[in-house]
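What Swiss-Prot says about this one:
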- 28-48: transmembrane segment (TRANSMEM)
- 56-76: transmembrane segment (TRANSMEM)
- 80-100: transmembrane segment (TRANSMEM)
- 121-141: transmembrane segment (TRANSMEM)
- 165-185: transmembrane segment (TRANSMEM)
- 195-212: transmembrane segment (TRANSMEM)
- 216-236: transmembrane segment (TRANSMEM)
Amino acid sequence: MTARPDSDQDMPLVAHLTELRSRLLRSVAAVLLIFAALFYFAQDIYALVSAPLRAYLPEGATMIATGVASPFLAPFKLTLMISLFLAMPVVLHQVWGFIAPGLYQHEKRIAMPLMASSVLLFYAGMAFAYFVVFPIMFGFFASVTPEGVAMMTDIGQYLDFVLTLFFAFGVAFEVPVATFLLIWVGIVDVASLRNSRPYVIVGCFVVGMVLTPPDVFSQTLLAVPMWLLFEIGVFFGARIRHREEPAASDGPSQP
């Protein structure tokens, strides 16, 4: 069996805690630096994020602020969350630097691409929500507004709504990584996942039903990408399994 690095085995607990503290501080510093750079543009960032809704507001209608501090707090909160999202590569790099010494070499070869793909897929999920889901969703909401009701959304409630969807779609797009990990660590095998494909498809549509307006088109916009991402995870999980099986069979046999 491949031994873990001696440097990791010999490090005392205090050294581990000191390194953890240092990496946490670097992660926080990265978030704060990005926030400081973006804070001047906080109003513009909020205008950009609210554009999908404002495009469907009736002529002359605007968003409203029901709280005294909402005009300041909503852009502030949004900019802070955007800073956290943008700092994810730095945060994951610090996480990688902390856990890498304790990994086997073959684990390192897989872990780094998984972390990078996790970030990219999370960003892809957010972009999909903004460019595809939001226009359809807000267009639907505007079309079903009862007659005599003015559609004037509070900026704080809108922010909470879109942040929830950003996070939901970002996590939903992590399906390939989750599927790959389940196969790689041996919790499930490829055959079981392929046999459960009908249940996965139904589950994707259930998630789509929960996260999108109650129309088939919007549900399909989320369900189909989730299913395709699941298939991608199964495909790469099967490939890594096929690579590892010959390596295991070629290993030294016990006398």
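Cβ coordinates are placed from backbone N, Cα and C, and glycine is handled just like the others.
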May I ask which of the stretches 121-141, 195-212, 216-236 has the most CB pairs under 8 A with the transmembrane segment (56-76)?
121-141
Excluding the flanking five residues on each side, which residues at least 6 beyond the ends of the transmembrane segment (28-48) place their CB within less than 8 Å of a CB in that stretch?
74-76, 78-80, 82-84, 86-87, 90-91, 155, 159
Spatial neighbours of the transmembrane segment (80-100) far in sequence, C-beta under 8 Å, 6+ residues away:
19-20, 23-24, 26-27, 30-32, 34-35, 38, 45, 108, 111-112, 115, 118-119, 122-123, 126, 163, 166
Using a Cβ-Cβ cut-off of under 8 Å, list the residues of the same chain that are 6+ residues beyond the ends of the transmembrane segment (121-141) and lie near it.
49, 52-53, 55-56, 85, 88, 151, 162, 165-166, 168-174, 176-177, 212-213, 215, 217-218, 221-222, 225, 229
Contact set, same chain, for the transmembrane segment (195-212): CB under 8 Å, 6 or more residues outside the stretch:
133, 137, 165, 168-169, 172, 218-224, 226-227, 230
